[in-house]
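First up is the structure itself, then whatever we jot down about it.
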Amino acid sequence: MTAETPKKIKVSSLCELCHGRKAVMKRPKNLQKLCKECFYVVFETEIHNTITDAKLFQPGDRVAIGASGGKDSTVLASVLKTLNERYNYGLELVLLSIDEGIKGYRDDSLATVKRNQKQYEMELEIVSYKDLYNWSMDEIVSCAGIRSSCTYCGVLRRQALDRGAAKLNINHVVTGHNADDMAETVLMNLLRGDTGRLEKSTTILTQSSGSPIKRSKPFKYTYQKEIVLYAHYKKLDYFSTECTYAPEAFRGTTRELLKALEAVRPSCIMDIIYSGEHLALAPKKPKKHNQQYKNKSKKVLENQEQEINPDGSVSLGREKKIEFKDGNRCEKCGYLSSNKICKACMLLAGLEMNRAKVTIDGNTSVDGAAKLTKTLEQLSF
Amino acid sequence: MGSPIEYLDGSDSRLCSRCATEKGVLITRKEVFCKACFIRFIRGKQRKQMQDEKYKVKYGKAKELAALNPTKILLALSMGISSLVLFDVIASLLQEQMEMHKGNTGFELVVLNIDEYELTSLNNSIQAVIPKLKSFFSYVDISFKVLNINSYILDETLIKRIRLYPDFHATMTDSDKNVSSGLKDLLLSCPNKSSAEDLLTIVFDELILRTAYVENCSTVVYGHNMTRIANEIIALTVKGRGSSIHEKVLDHVVHYQDKSIQIVYPLKDVLRAEVEAYCNLIGLSDLKLESTKPKATINRNMTIRDLTTNYFNQLDATGYASTASSVVKTGEKLGPPKNFESSGSQSITQCQVCGIDIHQNPQNWLKRITVNESAPLVTEEDEEYLKLYNESKSAMASLGETEESEAITNPLGICYGCIVTLSSIKAEDGFLWPIRNSAQEKEDILNEYILTEDEEE
């Protein structure tokens with residue numbers, strides 16, 4: 001086989017699927033050597049399979065894409081637009097963004113979303129924490145500290161997305177959660193002992209009977225690295241800075257573990273999801289009733305004692321606890337909640353107690369770390 | 001706060017909070033312990049896990065029954081610190097029973113070691129340590145068994161060449177060559193360390209159950225401490241074996257052939273640091289066997305279990321030490337997978353490599369999310385390349401692979417975890433491994449019994 005042309009490709013460096021084009025990348029999922037065109041095909045077809053297997057959409061559905069301007073949601077918008085046209089899903093796609101109020105981070109990423117909106121010709125709705133809750137994330141962090149930032153942000157965002165969708169008259173929000181996020185969640189739920197969420201950690205479509213809004217994750221089986229590659233080859237416009245508050249959380253340690261594992265065995269993300277789909281709680285064993293005679297006298301005593309909470313209130317007995325029912329509503333804001341008061345209202349009430357009573361005009365110290373980094377970057381000497 | 005245990009030096013005058021007479025030697029779980037009370041505390045953990053009547057000394061009618069069918073416990077002794085500590089704890093239980101009941105005990109103890117001397121280059125052979133063990137535990141009567149890992153291969157005709165194809169289906173062919181190589185050689189041809197580690201776990205589990213079966217042991221005890229169990233739960237999840245957590249690493253009953261064997265983890269409430277402390281206090285540390293192979297220091301060279309072990313060590317050091325306990329508690333609440341029963345059409349089958357139940361067809365699952373379609377070729381140049389490729393492929397094939405394809409192939413029923421473990425094996429070469437055949441197994445196991453007798457010390 002003499003070289004007729006100088007840039008003849010060796011047979012061994014051809015794409016492993018079409019064998020006709022030069023391979024340009026190693027597929028993160030299984031290290032297959034692929035050309036660009038074949039990568040697009042497998043990437044998009046896998047997402048299409050995921051969507052059809054789970055029967056996510058019905059023709060005529062209006063679907064909101066939770067768009068942050070980051071790579072996941074940008075690729076999601078692009079792929080859904082492609083698939084919608086290719087396979088005639090008959091969907092009307094709308095972009096829905098949340099403005100958490102993190103200066104130097106979200107304001108820039110929202111600009112990206114606005115550019116995407118023009119490019120993909122989709123409607124865009126932006127909902128802000130400040131408008132909804134009268135708190136921006138920067139203010140929350142300055143009040144509650146950086147360690148719990150993700151707790152607040154997560155709870156508030158969930159509600160904000162629902163409210164945004166309701167405003168748009170849409171009952172289905174798709175988010176860019178990818179396979180890495182999914183695997184991370186499975187591990188996290190095990191590590192934190194969160195049995196309530198364990199069985200549900202890998203469900204692709206979540207819906208509560210009382211809530212009109214469904215959520216789904218078409219990227220459930222899509223590797224983060226492949227999303228990055230897809231965005232790169234398709235030259236998609238996305239915003240790539242990580243949230244400046246993120247690295248502090250416990251999730252970070254799990255993420256590191258997952259990265260190390262993926263380096264040793266690339267399939268491990270899929271493997272964890274497969275495991276996650278099989279995790280199920282055993283039926284509860286009936287409680288043993290032996291040795292009751294010993295504790296009888298003690299029980300009577302216990303009933304007479306009453307614990308006083310630190311704030312002076314008294315907890316009501318367990319018997320009166322309200323049964324968990326799907327469809328309960330928060331007494332304060334009317335949002336879906338398993339308790340009397342929803343999680344967001346509870347967090348906000350806690351914050352409200354600690355809010356500074358007096359503020360200095362033009363005070364910029366509440367602007368978070370993101371803003372500070374940004375300012376430092378722009379300094380010149 | 002590097003370790004959950006704080007050791008007290010001689011100058012500290014705090015008294016043990018349990019007996020209030022002796023000077024404390026360490027603080028664990030916010031309590032000061034003297035040596036005797038700490039040892040009693042750890043032993044108490046085991047006593048609590050094994051309160052069943054069948055482990056107690058019997059009298060009257062129960063005694064007559066027990067004489068016919070005495071309770072036997074198999075202890076899996078790896079010679080690591082956890083299993084050594086469990087050995088000591090159970091031996092002390094036997095001693096207590098003898099002292100209180102005029103020399104009678106509630107059960108017999110069989111100690112099994114699977115020899116890893118060659119495989120992991122241990123610093124000493126088990127044969128050299130057994131006399132030391134016997135003198136250390138001279139006060140009790142224990143039978144020792146040592147098994148070679150090669151005994152996993154019951155019958156060489158069960159060794160098959162396993163092939164895994166890009167669409168994830170697996171086949172097995174009778175191995176063409178005469179394989180007399182031991183299990184170690186089979187393991188050496190493993191594509192990576194994590195796979196070898198996974199297969200070795202399968203081998204150990206099976207050998208331990210098999211020994212319990214032939215030795216008539218109704219209970220198997222493992223020395224796993226809390227951290228180790230947590231680690232195992234996470235490792236199983238990572239390996240795609242999450243469906244078997246409930247029947248692998250927590251107290252459960254295994255139906256093996258025609259018997260039920262109870263698996264117990266008596267040290268599941270004991271932290272790793274506490275096991276270490278016990279080991280040092282009682283002077284067991286000199287007996288432990290360790291691998292002399294240098295440990296990998298770069299993440300890339302580590303196995304999956306190495307990585308998860310490091311993760312838990314790191315959590316201990318960063319103040320998230322309670323994680324291990326929440327993982328174990330979560331694991332204890334798990335049961336068999338639920339969501340697949342309703343799909344009725346396919347019944348649960350067993351993996352022919354590791355023997356676990358397959359609830360969801362792994363091939364179909366993988367095929368949907370790992371597509372192997374190609375994009376159409378556009379240019380003439382592309383077509384040229386495809387031609388070149390096909391030519392070179394057929395040239396390769398004529399070099400002697402045709403015979404292989406003619407060999408009788410059978411589909412192999414394989415679980416997700418085993419697909420993952422074998423996935424980096426090249427389809428051309430295949431991988432030699434003994435597959436399971438439950439019908440034949442019982443006969444073979446019973447024949448094997450004679451072998452273990454020979455190896456008995």
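Placement of Cβ uses the backbone N, Cα and C atoms for every residue, glycine included.
Here TrEMBL flags A:GLY66, A:ALA67, A:SER68, A:ASP72, A:ILE98, A:GLY176, A:ASP181 as ATP binding site. According to TrEMBL, the domain 'tRNA(Ile)-lysidine/2-thiocytidine synthase N-terminal' annotation covers A:63-249. What TrEMBL lists as domain 'Cytoplasmic tRNA 2-thiolation protein 1 C-terminal' is A:328-359.
Features as recorded by TrEMBL, highlighted on the structure.
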residue  : record           : DSSP (3 states)
A:GLY66  : ATP binding site : strand
A:ASP72  : ATP binding site : helix
A:ILE98  : ATP binding site : strand
A:GLY176 : ATP binding site : coil
A:ASP181 : ATP binding site : helix
- How big is the ATP site in terms of the longest C-alpha to C-alpha distance among A:GLY66, A:ALA67, A:SER68, A:ASP72, A:ILE98, A:GLY176, A:ASP181, in angstrom? 19
- Tell me, if you would, which residue among A:ASP72, A:ASP181 (binding-site residues) has the fewest other CB atoms within 10 Å in the structure shown? A:ASP181
- One finds that other Cβ atoms within 10 Å of the Cβ of A:ALA67 (ATP binding site) number exactly 31
- Which residues of the same chain, at least 6 positions away in sequence, have a Cβ lying under 8 Å from the Cβ of A:SER68 (ATP binding site)? A:SER97, A:ILE98, A:SER109, A:VAL113, A:GLY176, A:PHE239
- So for A:GLY176 (ATP binding site), how many other CB atoms are inside 10 Å of its CB? 24
- Message: Validating a neighbour-count step here. Other CB atoms within 10 A of the CB of A:ILE98 (ATP binding site): how many?
- Response: 25
- What residues, ordered by sequence, lie under 8 A Cβ-to-Cβ from A:GLY66 (ATP binding site) and sit at least six positions away in the same chain? A:SER73, A:LEU96, A:SER97, A:ILE98, A:LEU161, A:VAL173, A:VAL174, A:THR175, A:GLY176
- Note on the structure: For the domain 'Cytoplasmic tRNA 2-thiolation protein 1 C-terminal' (A:328-359), the DSSP residue counts stand at 12 helix, 2 strand, 18 coil
